[in-house]
Structures are given as structure tokens and as C-alpha cells.
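Here the structure is laid out as C-alpha cells; the discussion comes afterwards.
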Amino acid sequence: MVETPQYNSTILHPNFFMLTGIPGLGGAQAWLTMVFGPMYLLALMGNGALLAVVQIDSTLHQPMFLLLAILAATDLGLATSIAPGLLAVLWFGPRPVPYAACLVQMFFVHALTAVESGVLLAMACDRAVAVGRPLHYSTVVTKARVGYAALALILKAVVIVVPFPLLVARFEHFHAKTIHHAYCAHMAVVELVVGNTRVNNLYGLALSLAVSGVDILGITGSYGLIAHTVLRLPTREARAKAFGTCSSHICVILAFYVPGLFSYLTHRFGHQTVPKPVHILFSNIYLLLPPALNPLIYGARTKQIRDRILEMFTFKKSQF
């Protein structure tokens with residue numbers, strides 16, 4: 001018997017991909033809209049409120065709050081890049097996504113994730129200067145330097161993430177059109193490729209280590225300097241006050257990196273032990289949980305923002 005060549009069953013440059021959501025759940029995945037829907041709503045309202053407060057209140061036009069505004073804008077973009085499509089797939093079932101739109105979503109998801117990681121590093125450096133050199137803070141950390149840092153983070157993300165869709169677009173044949181995922185993640189699309197994907201796999205691994213690895217090392221180093229400074233303060237009250245300026249940022253870091261590291265490790269090394277639905281579920285939580293939690297964390301733990309939001313609501317109530 002003559003074997004049928006593999007290429008006979010392949011698809012030549014599909015016009016669209018079919019996103020299935022979270023495999024194995026079937027119709028039950030519609031209930032997940034009760035989880036991800038409120039997450040997205042919180043991300044929209046919370047980050048929108050933070051941006052409005054920072055813009056309206058001129059006293060908040062300081063480096064720390066400008067970095068927070070950049071984080072809020074990044075969170076809005078990151079949540080919006082996947083949430084509408086995710087909710088549509090969960091509620092209505094598998095849906096087609098044009099090939100070009102899939103590549104565009106792939107770019108924005110990975111680029112905005114890289115920007116968010118970079119912003120968290122910049123905020124850690126900001127706190128390190130504020131705690132370690134408080135007398136020089138206003139001259140070392142300026143609004144202009146925050147702007148340059150934001151521009152550098154965006155350019156870096158664009159340069160390092162653009163190869164993702166380009167490396168996928170070079171392939172002409174795919175095994176299937178169905179992506180067993182809720183959005184167009186790079187590796188989920190690469191799994192459908194017919195051909196040698198070694199370059200895609202190596203670049204994805206190198207990018208994860210170079211971006212998240214370097215940022216985590218930088219954040220760890222910044223907080224090492226902060227801890228060294230705080231432990232040398234003479235009184236417990238001074239140490240508590242210095243640590244309090246960093247507590248919100250620590251919570252945000254944990255909310256971003258803990259689900260992210262779990263998702264990454266299960267994807268790379270947990271194929272045999274972690275079911276694929278669990279991996280896909282955590283990959284969506286990783287992208288939507290931080291945008292939903294970050295404004296709540298900063299709104300609750302940052303006095304200036306909390307007071308300003310309360311003033312806005314009090315003023316609106318007094319008008320009625």
C-alpha cells in the first residue's frame with residue numbers, strides 16, 4: 001500500500017482560523033463568562049478611572065503617578081486585545097478569526113505583555129530611588145525621563161515582538177484551521193504549522209527569558225536595594241513607612257508574575273501533568289486578572305488616588 005503524502009491533507013494559507021475557546025468544556029464554558037466578564041468590566045472601569053484621576057488632578061502629575069497611568073493604559077490595551085473575542089467564543093461557541101486579524105492579535109497580546117513587564121521594572125526602579133535616595137529623587141526621576149522610559153519600552157516591545165507574526169506568516173501550509181485556544185497565542189498557532197518550527201520555538205523561549213527574565217532580575221535587584229535601605233533605618237515606624245510606599249507595587253508584581261510564570265511553566269514543561277484546559281484557563285487569567293486587580297490595589301492602598309476618587313464621588317452625589 002502506498003502512503004498518502006502528508007501535504008495532501010494540509011491547508012494552503014487559510015483565510016481564517018477557528019478559535020474553540022477552552023477545549024474539553026463544551027457548552028459549560030459559557031459559564032466562564034460570569035468570571036471573565038466582570039474581570040473585563042473591572043479592568044475598563046478601574047483603569048479608566050485611574051487615567052481620569054491622574055489627568056484631572058494636577059497634583060498627581062508626578063513620576064510615580066505617571067508610571068501608574070502608563071500601567072493603566074497598558075492594562076486597558078491588554079484586556080481589550082483578548083476579552084471581547086474571548087467572551088464571544090465562550091458565549092457563542094467556536095468562531096472564525098481572519099488570518100490577518102489573528103496575526104495582529106498575536107502581536108498586540110505579546111507586545112503589551114512585554115510593555116507591562118517593563119513598566120513594572122520601571123516602577124521598581126522608581127521606588128528604589130525614592131527609598132534609597134529620597135533627597136535626590138526629584139532630580140533623578142523626572143517627568144521627562146518617565147516619558148523617555150515609556151517610549152523606550154514601547155519601541156523595545158515592537159522590535160522584539162514583530163518577529164512573532166512574521167515567523168508565522170512565512171509558512172504556507174497548516175495541519176488545520178482550528179486553534180484549540182481562546183485567542184491567537186503564538187505557540188497555539190505554531191502547533192498548526194506544517195514545517196520546521198524550531199526557529200519559532202527557540203525565539204519564543206529566548207524572548208521569554210530575555211524579557212521576563214531580565215525584568216524579574218531587575219525588579220529583584222531593586223527590591224534588594226530597598227530592603228537593604230529599609231533595614232538600616234533607625235526606628236520601626238520609619239521602616240514601616242518606607243515599606244508602605246512599596247506595598248502596592250509588590251501586590252501588582254505578584255498579580256502579574258505568579259499566574260504568568262505558572263502559565264509559562266505548564267506550557268513549556270507540564271504537557272504530561274497539567275491538562276490543556278487548565279493551561280489555557282490560566283493563560284487567560286494571566287492576561288485579565290492583573291488589569292482587573294491593579295486599579296483596585298492602587299485605589300485602595302494609595303492615599304492620593306483614594307482621596308481623589310472619594311472626592312469625585314462625593315461631588316457627584318452633592319449635585320443630586
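Positions of Cβ are set from backbone N, Cα and C atoms, glycine also.
Since this is a predicted model, take the numbers as computed values, not measurements.
Per TrEMBL, the features are:
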TRANSMEM  28-53  transmembrane segment
DOMAIN    46-298  domain 'G-protein coupled receptors family 1 profile'
TRANSMEM  65-92  transmembrane segment
TRANSMEM  98-125  transmembrane segment
TRANSMEM  146-168  transmembrane segment
TRANSMEM  202-226  transmembrane segment
TRANSMEM  238-258  transmembrane segment
TRANSMEM  278-298  transmembrane segment
Quick check: do the transmembrane segment (98-125) and the transmembrane segment (28-53) share at least 3 Cβ pairs under 8 Å, counting only pairs 6+ apart in sequence? no
Ranking 28-53, 65-92, 146-168, 202-226, 238-258 by Cβ pairs under 8 Å to the transmembrane segment (278-298) puts first 28-53
Per-region confidence, the domain 'G-protein coupled receptors family 1 profile' (46-298) (mean pLDDT, whole number): 87
Top stretch by Cβ pairs under 8 Å to the transmembrane segment (65-92) (candidates 28-53, 146-168, 238-258) is 28-53
What residues in the same chain, six or more past the boundaries of the transmembrane segment (28-53), come closer than 8 Å to it by Cβ-Cβ distance? 21-22, 60, 68-69, 72-73, 75-76, 79-80, 83, 86-87, 90-91, 281, 284, 288-289, 291-296, 298-299, 305, 308-309, 312
